[in-house]
Amino acid sequence: MADGIPLNPMRKNSKRLPYYYSAGLPSPLLLSSRFSVEDDSSNLDEMPLMMSEEAFENEESDYQTLPRARLAQRRRGLGWLLLGAWKLLCGSCCDFLLRLCRRRKELKARTVWLGCPEKCEEKYSKNIIKNQKYNILTFVPGVLYQQFKFFLNLYFLVVACSQFVPSLKIGYLYTYWAPLGFVLAVTMVREAVDEVRRCRRDKDMNSQLYSKLTVRGQRSSSVSFHSNQRIPADMVFLRTSEKTGACFIRTDQLDGETDWKLKVAVGCTQRLPAVGDLFSIKAFVFAQKPQLDIHSFEGNFTREDSDPQIQESLSIENTLWASTVVASGTVIGVVIYTGKETRSVLNTSSAKNKVGLLDLELNRLTKALFLAQVVLSIVMVALQGFVGPWFRNLFRFVVLFSYIIPISLRVNLDMGKSAYGWMIMKDESIPGTVVRTSTIPEELGRLVYLLTDKTGTLTQNEMVFKRLHLGTVSYGADTMDEIQSHIVRSYGQVTSSSAAGGTTPSGKSQTVGPRVRKSVSSRIHEAVKAIALCHNVTPVYESHGNGETESAEADQDFTDDNRTYQASSPDEVALVRWTESVGLTLVNRDLTSLQLKTPSGQILSFHILQIFPFTSESKRMGIIVREESTGEITFYMKGADVAMASIVQYNDWLEEECGNMAREGLRTLVVAKKSLSEEQYQDFESRYSQAKLSLHDRTLKVAAVVESLEREMELLCLTGVEDQLQADVRPTLELLRNAGIKIWMLTGDKLETATCIAKSSHLVSRSQDIHVFRSVSNRGEAHLELNAFRRKHDCALVISGDSLEVCLRYYEHEFVELACQCPAVVCCRCSPTQKAQIVMLLQQHTANRTCAIGDGGNDVSMIQAADCGIGIEGKEGKQASLAADFSITQFRHVGRLLMVHGRNSYKRSAALGQFVMHRGMIISTMQAVFSSVFYFASVPLYQGFLMVGYATIFTMFPVFSLVLDQDVKPEMALLYPELYKDLTKGRSLSFKTFLIWVLISIYQGGILMYGALLLFESEFVHVVAISFTALILTELLMVALTVRTWHWLMVVAELFSLACYLASLAFLSEYFGGLTVFDVPPDRSYITTWPFLWKVSAITLVSCLPLYIIKYLKRKFSPPSYSKLSS
């Protein structure tokens, strides 16, 4: 049907391409072979997607053709030009200058000589760690730039600088420069402290001493390291003190994995008699140019002074990357990359500067206030009739009303965020929680999408062997003793002269079936033996005596209770522990040999010929061993069912049983073997060695040689390993779902396992259906499947990474809009890059906030891309935890972190921000009334310390005490998670609530000023003392009106501020005595008279009492949801 019908190609100038293919995905041209199946355009038109038919009616399907995108383009009019074009222009210029200044030299391959340092012409980068943002010269300019790039601070800088112009001067300079200087001083001190800490950490790391080897009095590139020393540069491993020629390193600071990694020294240099011989030979290392990938390396070691010339291929197992730590022995390596060229630095990406949604909303409100300030100034000048130097008067009014935008807003919010972080870390209900980014705690209360990893996040990453399937018989946890008895009987009947893997007769099975069918006992024997041999696990023993394990001594105490297993995969450790439990124990392993202990205590020795490590591309690992007692060569392999299905011999049970185990939540591995003759192996080794020495397309050539061996392998068994759920995962997910949070699970596991975990963890409720998005590979299939999915309602979606990629390529907008309607989404077989892309897609297509949570290094990109990143300290290391904004120890802590602390942080910041703006608007209203009385003269109402004290000591503590307020108790917030839904709507801080505060400010400012003028008409000279006293009392009462739950510190703050103001009446009598007008001297004693007191009280009562009455009536007849629960 699809023959001869062309696909609708992507436009070459599409703006989507750089976004989706910049993060490491292949370009559309490279993917063309994958999507080679052509689609019938006429059939597509018969089955339109309801989301947007234009996406495939057009000849060129592109997101830019969608109505939503065109609407965004139409919005780019005059407003965008005025508000955004200047920012875009400045940003582009700055980016160009930065790229020009930071232009890096081209990375090239290099040759490093061992015995001839004079031949090393490559210049190394400076090998220092530098995490500092600034130096002595750039600190002040850099900090000032970071502050004044924000509109709020830049606005106050312009206003403060205007006071140096005599014609524009309104009041004392310190009333403008003191608050701005305080903000800058606090910021600079904070930055300086952080910079000093970074400098000290860098200095400690850069001052570490290492043993650098010398040759003929010249310094070489070879360095010696001891156990527990950090490796400072990328190196090739030349030599070790360990007899095995290998050592362990810890890579938790590089890739986040806590398991030790085995590294192998170059064979030629390891065999040299002494260390000094390293420089007596004529040899060099050829290394590829620096790459990002920490899991691959291509290079060659060549020795020219031997006959014949010795050449060895170098791979990742021969490298020692910077930031790793030597775990055992003493090693010597030759430096190949330093400084900015090391893998660790190349993979270090500076996390984006996350800005909270509340900060963006406040920024918009600030711009609205500035616009109102300008309009008010124009009105004042217009009422003057634009007489005289009206432009100068206009600017004076702008300065006069500058308090409408309070500079204390940023200070109060930053201090509040620090307080929220402190409260989170001190919460005993979520111990171990760390706040690493103190700028976005309010984001925890605005989340709509939670994207979570599976392994180690929802599950414990503790693997337990649960199932062994042999095709005709299956063994579970309750029948493992049968396997043990088979193993004991099998090895008990094997004599020392027979093959260790020989078939053990079984009277029950021997008479059943043809001769080619093996008995159950022999099949169990071979399966357990294969599992015990096919892995990368190394047994490690606690130090006793010399601390080393002698591999050649058969009488060693292999039953040491201190034996532990080290491997890069917990699945392999679980398999080896299981073989130990049934009687076949891994007791020793080095680079070339491996030893097993049978139930009778006999030691079986195997020579390791080749190892093919597991990769995410191959999804399998293999090993070729030679049994020393018989000389038999066997190729063992295990891997995912999708990779092994085409490798093993035909069978009719593997696919079905893999699906059954996956539905039980088990991680499956298929185990197979193939016996090789000596001739077959020698032919393979020759081709394999030649492929490994290739400098071009080495990976492809090596893979082709290995695949030639992976044919018609004998299927031995299918294993099932369970990854247990974290504590309280089910109630936590149910809590989040009831709170209106849509949960997406992004995992690299297979579809069946991910679906099972989604069900068992209650990510998908029992009443919901699950739509499994079938595998699609082209546009037509994606079209049909999207139409089928569109007809479903209220069902969870399960999709694989490959199908997701196809859907996003052709129907991005339609797919995302459909997926966002699902209560839960499970994406399986996702790469780290795809995880980050899904986060960015949700951010791009929705106006909602996203949160990503994970525990491994593969989750870092997703965590950094999300609006709020949460890391869990798990078995995969601390990399995700260190890269996250918030770090927790268990997944169940997410519930309290969001429901309680997220709610409180958002509610408190919203109230605090609006109240601080109210504090500025009310005094600006009073100033406008005052100027109107004086014939629209630009004369300040309050001067000097009164303005400084108003924003600080007189009202700061009560206003800031709002960070202790809470509308509902923590227990109530957790009991009724539905309350969280209201937070995502942003009703606590919106233009509606802002307008209410504006009206309150205008009303109170007008009452205070007009009341002062009316009640003190015959004593107008005392207007300052009258109005300012009423203003302070009004602000203190308004704080009490705003508070929903009183805290004892709030009462202390109110009383302390009132006491400070009363004390200032005595110390600042020159301000409160009255105005010197018409040559009438001020009367300082007036503020102590009864008329002053009762009239001030009357004005304050009129300004506040109506608001109290309105609040009471509103709570009585239209109470909010939280107040109903509180009552």
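Note that Cβ sites are derived from N, Cα and C of the backbone, with glycine treated the same way.
Nobody curates TrEMBL annotations by hand; they come from automatic prediction.
So that you can see what the record holds, here are the features copied from TrEMBL:
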type	residues	note
ACT_SITE	D453	active site, 4-aspartylphosphate intermediate
BINDING	D453, K454, T455, E572, F614, K638, R667, T747, G748, D749, R829, K835, N858, D859	ATP binding site
BINDING	D453, T455, D855, D859	Mg(2+) binding site
COMPBIAS	496-509	compositional bias 'Low complexity'
DOMAIN	120-177	domain 'P-type ATPase N-terminal'
DOMAIN	882-1119	domain 'P-type ATPase C-terminal'
REGION	496-518	region 'Disordered'
TRANSMEM	78-98	transmembrane segment
TRANSMEM	174-193	transmembrane segment
TRANSMEM	368-388	transmembrane segment
TRANSMEM	394-413	transmembrane segment
TRANSMEM	916-938	transmembrane segment
TRANSMEM	944-964	transmembrane segment
TRANSMEM	994-1014	transmembrane segment
TRANSMEM	1020-1041	transmembrane segment
TRANSMEM	1048-1072	transmembrane segment
TRANSMEM	1092-1110	transmembrane segment
Folded-back contacts onto the transmembrane segment (1092-1110), same chain, C-beta under 8 angstroms, at least six residues removed: 1000, 1003-1004, 1007-1008, 1011-1012, 1015-1016, 1022, 1025-1026, 1029-1030, 1033-1034, 1037-1038, 1041, 1086
Leading stretch by Cβ pairs under 8 Å, where the reference is the transmembrane segment (174-193) and the options are 368-388, 916-938, 944-964, 1020-1041: 944-964
Integer Cα-Cα distance in angstrom, D453 (active site, 4-aspartylphosphate intermediate) to F614 (ATP binding site): 21
Those binding-site residues, out of T455, F614, R667, G748, R829, that come within 10 angstroms of D855 (Mg(2+) binding site) at the Cα: T455
Touch test for the transmembrane segment (1020-1041) and the transmembrane segment (394-413), at least 3 Cβ pairs under 8 Å: no
CB contacts for R667 (ATP binding site) [other CB atoms within 10 A, all chains]: 22
For the transmembrane segment (916-938), sequence-distant contacts whose Cβ falls under 8 Å of one of its Cβ atoms, 6 or more beyond its ends: 170, 365, 369, 373, 376, 380-381, 383-384, 393, 396-397, 400-401, 403-406, 408-409, 412, 950-951, 955, 959, 994, 997-998, 1000-1002, 1004-1006, 1008-1010, 1013, 1023, 1027, 1031, 1034-1035, 1038
Within the domain 'P-type ATPase N-terminal' (120-177), residues counted as helix, strand or coil by DSSP: 29 helix, 0 strand, 29 coil
Recorded stretch, among 368-388, 944-964, 994-1014, 1048-1072, maximising Cβ pairs under 8 Å relative to the transmembrane segment (394-413): 368-388
Folded-back contacts onto the transmembrane segment (944-964), same chain, C-beta under 8 angstroms, at least six residues removed: 171-172, 174-175, 178-179, 403, 406-408, 412, 415-416, 419-420, 908, 911-912, 915-916, 919, 923, 1024, 1028, 1031-1032, 1035-1036, 1039, 1042-1043, 1047, 1049-1050, 1053-1054, 1056-1057, 1060-1061, 1064, 1068, 1071
D859 (Mg(2+) binding site) to R667 (ATP binding site) - Cα separation in whole Å: 20
Non-local residues, at least 6 beyond the ends, that sit with Cβ under 8 Å of the transmembrane segment (1048-1072): 942-946, 949, 953-958, 960-961, 964-965, 1024-1025, 1028-1029, 1032, 1036, 1039-1040, 1082, 1084, 1087
Reported mean pLDDT - the domain 'P-type ATPase N-terminal' (120-177): 79
D453 (active site, 4-aspartylphosphate intermediate): tally of other CB atoms within 10 A of its CB: 28
Beyond the flanks of the transmembrane segment (368-388) by 6 or more, those residues with Cβ under 8 Å of it: 151, 155, 394, 397-398, 400-402, 404-405, 917, 920-921, 924, 928, 931-932, 935-936, 938, 994
Nonlocal residues around R829 (ATP binding site), in sequence order (Cβ under 8 Å, 6 or more apart): G748, D749, K750, L751, S800, G801, D802
Same-chain residues at least 6 apart in sequence whose Cβ lies under 8 Å from F614 (ATP binding site): N536, S569, R620, M621, G639
Residues that sit under 8 angstroms from T455 (ATP binding site) by C-beta distance, when 6+ apart in the chain: N461, D723, T747, G748, D749, G856
